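Asks: Quick one: this structure, given as structure tokens, is what I'll be asking you about.
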Amino acid sequence: MPTESGSCSTARQAKQKRKSHSLSIRRTNSSEQERTGLPREMLEGQDSKLPSSVRSTLLELFGQIEREFENLYIENLELRREIETLNERLAAEGQAIDGAELSKGQLKTKASHSTSQLSQKLKTTYKASTSKIVSSFKTTTSRAVCQLVKEYIGHRDGIWDVSVARTQPVVLGTASADHTALLWSIETGRCLVKYSGHVGSVNSIKFHPSEQLALTASGDQTAHIWRYAVQLPTPQPVADTTICGEDEVECSDKDEPDVDADVSSDCPTIRVPLTSLKSHQGVVIAADWLVGGKQAVTASWDRTANLFDVETAELVHSLTGHDQELTHCCTHPTQRLVVTSSPGTTFPLWGFRGPSIHVFQGHTDTVTSAVFTVGDNVVSGSDDRTVKVWDLRNMRSPIATIRTDSAINRINVCVGQKIIALPHDNRQVRLFDMSGVRLARLPRSSRQGHRRMVCCSAWSEDHPMCNLFTCGFDRQAIGWNINIPALLQEK
């Protein structure tokens, strides 16, 4: 995975752009009021197509901006008076030094130096105030629609993948570099089942569409299918995890969750798989169920993707054509189609009847993942810091491109609402719609959110408590409640 160092300058430019945009909004609105001569009360009474809640929020924020700039204006006047007083004092001192007058050049230099210091103070105050305004806006927006509900802590190494069961009881699954996969109670955060049948890193986990079966891919060159049976514990009241202050705080790696106590030691352990899928000559990086659940697809670092019969574990078909190791695979929810990705800048669409149907071209770096949505769209993420949305009816060029400030890992799409969750190398998780409009960023601070690279995300649209899950190399998974109606209303 790429490091975060390359994103510093890009992030700084994006921050300056947001600041400039905020100021341009203020200048436009103030000039409009000056031209029309209308007081704020009359502007509030005008007809608007915006929802009343959104409009009241905007008016409140603009009111905060106005008050901040009033304070800056008052401080600016005070600083100007200080400069004038200093210049007068310097002029008087210049006439009395050793009975001789200072030259105009010396006096100008001295005054200029003091003026420069005061000017720098004014700039610093101005930047801090405007930054505070922008941060308060982002905090209000993010926390109104995105709340951390539960943390799932128990793995002893980074978590590569997270998935939600599609049958009752609904449980959360995590795949970790500590050679285990864990199943969790979403409501309580308790570990329900531990799978320890692999002898290498567990790189992905997917649940069967209709049975209590899990499919895991591993660095031991195999994929395992194993059956689980769980009884959900009684849910406990959820503690309020909302925090105040800035949501953008740097966190050190030392802030990772404390997992000295093995929380998975008390839960049932499964050590033997129901079926072991073997044929690869390298790490199996991902696996997924084909529509119907009778066959499974695996993707490997040996540059192939294989189709297996689940009941017999026999190799049915091998997809070849990649010239580098594979990074991900995903199957279509209703058709016998699969997309595979690799460190190349392209990714193919396969149909299991010969060569690939189509090769998508458009990225400039490793394609980390590509996923189907319901309908005719494919969404791909890349280390080139972009996400592209493709239409299967016209695959020559993307219909939307999302540009970000950090490499993107395993993406996931909320099928019902068509919202894309983007986990980043820089510990952020951002939400976009299918047209490329940014909707929100999940809050992150010293007390909540991921402390290291976010590896994967997964939606659970029907669960009442958490509808988005993320996992990262800080050894924890997190359950979020995303207020989707409010999110789309703000859009």
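In case you wondered, yes, glycine gets a Cβ from its N, Cα and C as well.
Where the annotation comes from TrEMBL, it is an automatic prediction and has not been curated.
So TrEMBL lists the following for this protein:
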COMPBIAS  1-13  compositional bias 'Polar residues'
REGION    1-50  region 'Disordered'
COMPBIAS  22-31  compositional bias 'Polar residues'
COMPBIAS  32-47  compositional bias 'Basic and acidic residues'
COILED    69-96  coiled coil
REPEAT    152-194  repeat 'WD'
REPEAT    195-226  repeat 'WD'
REPEAT    277-318  repeat 'WD'
REPEAT    360-400  repeat 'WD'
Asks: What same-chain residues lie close to the repeat 'WD' (195-226): Cβ under 8 Å, and 6 or more beyond its ends?
Replies: 157, 160-167, 173-183, 269-278, 280-289, 291-293, 296, 298-300, 308, 310
Asks: Where DSSP helix means H, G or I and strand means E or B, what are the helix, strand and coil counts for the repeat 'WD' (277-318)?
Replies: 0 helix, 23 strand, 19 coil
Asks: Which residue counts does DSSP give the repeat 'WD' (152-194) for helix, strand and coil?
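Replies: Computed counts for the repeat 'WD' (152-194) are 0 helix, 21 strand, 22 coil.
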Asks: How does the repeat 'WD' (195-226) divide up by DSSP, counting helix, then strand, then coil residues?
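Replies: Counting residues per DSSP class in the repeat 'WD' (195-226), I get 0 helix, 18 strand, 14 coil.
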Asks: Taking only the residues in the coiled coil (69-96), give me the average pLDDT of this model.
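Replies: For the coiled coil (69-96), the model's average pLDDT rounds to 78.
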